[in-house]
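> Shown below is the structure under consideration.
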Amino acid sequence: MPDALIPATGDPLLDGLNPPQREAVEYRGSALLIVAGAGSGKTRVLTHRVASLLRNREAWPSQILAITFTNKAAAEMRERVEDIVGEQAKGMWISTFHSACVRILRREAEQFGFTKSFTIYDSGDVRALLKRLVKEHEGDAYGLTPAAVQSRISKLKNELHDADSFRSQANISDPAERIFVEIFQDYSRRLRSANALDFDDLLAQTVFLFRAFPNVADTYRRRFRHVLVDEYQDTNHAQYQLIRELTKPVQGEQMDVGGGMVALLPEASDARASLTVVGDSDQSIYAFRGADIRNITEFERDFPGAKAILLEQNYRSSQNILDAANSVIRNNFDRKDKKLWTDQGPGESVVGFTGYSQHDEAQFIADEIDRLRGQGTNYSDIAVFYRTNSQSRALEEILIRAAVPYKIMGGTKFYDRAEIKDAIAYLVAVVNPADELAVRRILNKPKRGIGAVTETNIARFAADNDMTFREALGHADAMGLGPKIRKAIEQLDAVLQDATEILLPAEGDAPPTSVTEGLRLLLNASGYEDALRRSQDPQDEARVENLDELVAVTREFARNNPDGTIIDFLTEVALVADSDDLEDESGVVSLMTLHTAKGLEFDTVFLTGVEEDLIPHRISAGEPGGPQEERRLFYVGITRARRRLYLSLAMTRAQFGEVSSAMPSRFLQEIPAGLIEWRQSPSEMNGRGAGARSLGGGGSAARARENSWGQRPLTPKNKSSLAEFTNRVTGKVRDNGDLELTAGDRIQHDDFGEGTVDAITGQGAKRIAHVRFESAGTKKLLIKVAPITKIS
DNA sequence: GCAAACCGAATTTTT
DNA sequence: TTCGGTTTGC
């Protein structure tokens, strides 16, 4: 229905919304499911719904709990609600599952035998601990790897098993299983004694807490009258149960009436929070980490009387893109039919391209980007997606050479860097001295000559004398160590004590100093920063800069949270993945995996590597529901595009040092031939179509000749030309920094042959040569790295 | 205790 | 190929 036909209501929260959107904002009832197709305006609906609850005085801000999966989504939602209702938004809990749980758990920590200052272990910490435990239990003899154990424990916790409950149902007669159970139990003990929780615990412990202490649960049930959950299709079992617990009726005072019978005193028995969930089962792509699509598909059964509203009108993409998306996702059986549509017209065709190799494919993309750029498209409106991270390399190599600025999204995270983790470990060692892992981590950082042997000695001393590892550091003299090592330990102990005094002063002493000062003290007095500065390794220079950045983060934190404690800071660090948000990278092409792309949108999208064994990924074939999830992933990729969608693939792909030939993805066949305009189709590349499915794209042969490779004739089946293009590009860093080029020069390029320089732009390391090649057309080349030599 | 040489495995990822 | 983990040798 065209928007024009929707009558204005005079209500700013409803105007501009289509009828189902309005209903989703206005419906009041105990449970509401909003099935929001890609690009259907779900965030808008969600924020307007929250705003309308507030505006109509149906709820106080403090009675609203809105849950998202990522911090970014939470921040965006808060911002948008604030835009509508202003200051009021401050009192709402808009947060991720994990932050909401941490908030609850810190408050209630004593109830379950932890202290407020518990540490949160990320997967790296968990891995480090499990590595030790697997070794101690000799798990490798039974084929147990730390990675496998980690993922299994995580899955079990997501299913709300703990080590003991799992033990009772495990098959102990299988030795590998027995060892696994032992490791799991030991792991749980270590976490407990370290006063630490892993990510999965945050959810599971909250559920356990609610179940074990109904009065605690009631506190939160009374408080949150409206619970809203975004991306509901991505919830795992623990998250689902958490929602269930929160939306149960307030139980009221329990009275033991004898004989173990419990009576409930009547207290507002229908007082249960209203639940709104938003999601799209077609965008469920996280089953591999425990997301259970049934949570959303069976919502109406789980919550009887639930209302379901379907949002199918898409405000993002052109109809051609939506048709492509619909025609792909339609092939998933067992799904509620849903068809995205738009009133914005068909738009441009989807463009297909088949390269000889991944580099050929990348070159096409680079050329297209350059062409679009010439037409006024911003780099920041362009994104390149791929299934696996390893695919980014070839793209990067070509983009660098073509002088296309890009950024890899969701790559290595700031807080994952070793030096940052070290610095954080210093802080943790102060705040939560029970955290053995943190203390061990900093034991020999910077190098103090304390190796594995000494570490074991300290651990043994601690165990023998019934003290923590941290406490043992204060008794270096009693361990029979050499004088050098003894002094090193004493020095570390002193540094930690000094930091403790200023960060966590005893009652009545001076107030605690800022996190910034504490961190500075730790980094300086420990000698950590000095060691990096003195180092010859050029990488260490960057590490120092990262530490400076971390110090800056602490300052920023203090500014944003005047009352923020060091515990708050560490919580934020543990739960917020990157310090620099991915957003607003203006003027840069975004590269990312399909998973990272979820929730984002771009004018122009290049979906690369559309090949069998990549998408669907080969490993997914053996997993139940695997191929279907891959199809959803492909669907997610397609629906990110607003105006232009490119689907590209390569005939050969070099992986693991081997070149193998690739076949077009089955998903390509699912898109009607008429929707794709092939610049170079797989069948053309394959002569008689041998080896590949014949794919629609018949009438495109003429267009193929005007592709970016200019007049160079395609020579299908020509093995030598394939070989020529495979692995031509090496990762080796060239440095042509001193190469002097001026307009008119003749150059030889490894891939493109001979050409004439038209112009030179840019400065220094960013000098760009604009070259007219005889056979490959005009290219922009970054002189510093392009594989070129001057001839004549 | 530490650096160099060697071997083997290699989706997707947020919190 | 590349990364990371283990083994080996100083």
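The count begins at 1 with the first shown residue.
Note: Cβ is positioned from N, Cα and C throughout, glycine not excepted.
Keep in mind the model is a prediction, meaning the values are calculated, not measured.
These came from TrEMBL, pasted as-is:
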- A:15-318: domain 'UvrD-like helicase ATP-binding' (DOMAIN)
- A:Ala36, A:Gly37, A:Ala38, A:Gly39, A:Ser40, A:Gly41, A:Lys42, A:Thr43: ATP binding site (BINDING)
- A:319-599: domain 'UvrD-like helicase C-terminal' (DOMAIN)
- A:683-722: region 'Disordered' (REGION)
- A:688-700: compositional bias 'Gly residues' (COMPBIAS)
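Help me picture these features in the structure, burial and contacts included.
When secondary structure is read from DSSP and collapsed to three states, A:Gly41 (ATP binding site) falls in the coil class.
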> How many other Cβ atoms sit within 10 Å of the Cβ of A:Ser40 (ATP binding site)?
26
> Write out, in the order they occur in the sequence, the residues of the chain not among A:Ala36, A:Gly37, A:Ala38, A:Gly39, A:Ser40, A:Gly41, A:Lys42, A:Thr43 that have a C-beta within 8 Å of the mean position of the C-beta atoms of the recorded ATP site.
A:Val45, A:Asp280, A:Leu311, A:Asn314, A:Tyr315, A:Arg316
> For each of A:Gly37, A:Gly39, A:Gly41, count the other CB atoms within 10 A of its CB; which of these binding-site residues has the top count?
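It comes out as A:Gly37.
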> Across the domain 'UvrD-like helicase ATP-binding' (A:15-318), what does the mean pLDDT come to, as a whole number?
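Averaging the confidence scores along the domain 'UvrD-like helicase ATP-binding' (A:15-318) gives 88.
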> Cβ-Cβ under 8 Å from A:Ala36 (ATP binding site), same chain, 6 or more residues apart: which ones?
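Looking at Cβ-Cβ distances below 8 Å from A:Ala36 (ATP binding site), excluding near sequence neighbours, one finds A:Lys42, A:Val45, A:Val278, A:Gly279, A:Asp280, A:Leu311.
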> Within 10 angstroms of the C-beta of A:Thr43 (ATP binding site), what count of other C-beta atoms is obtained when all protein chains are considered?
17
> Within the chain of A:Ala38 (ATP binding site), which residues six or more apart in sequence place their C-beta under 8 angstroms from its C-beta?
A:Asp280, A:Asp282, A:Gln283, A:Asn314, A:Arg316, A:Ala325, A:Leu340, A:Tyr635, A:Val636, A:Thr639, A:Arg640
> Applying a 10 Å Cβ distance cut-off over all chains shown, what neighbour count does A:Lys42 (ATP binding site) have?
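Other Cβ atoms within 10 Å of A:Lys42 (ATP binding site): 21.
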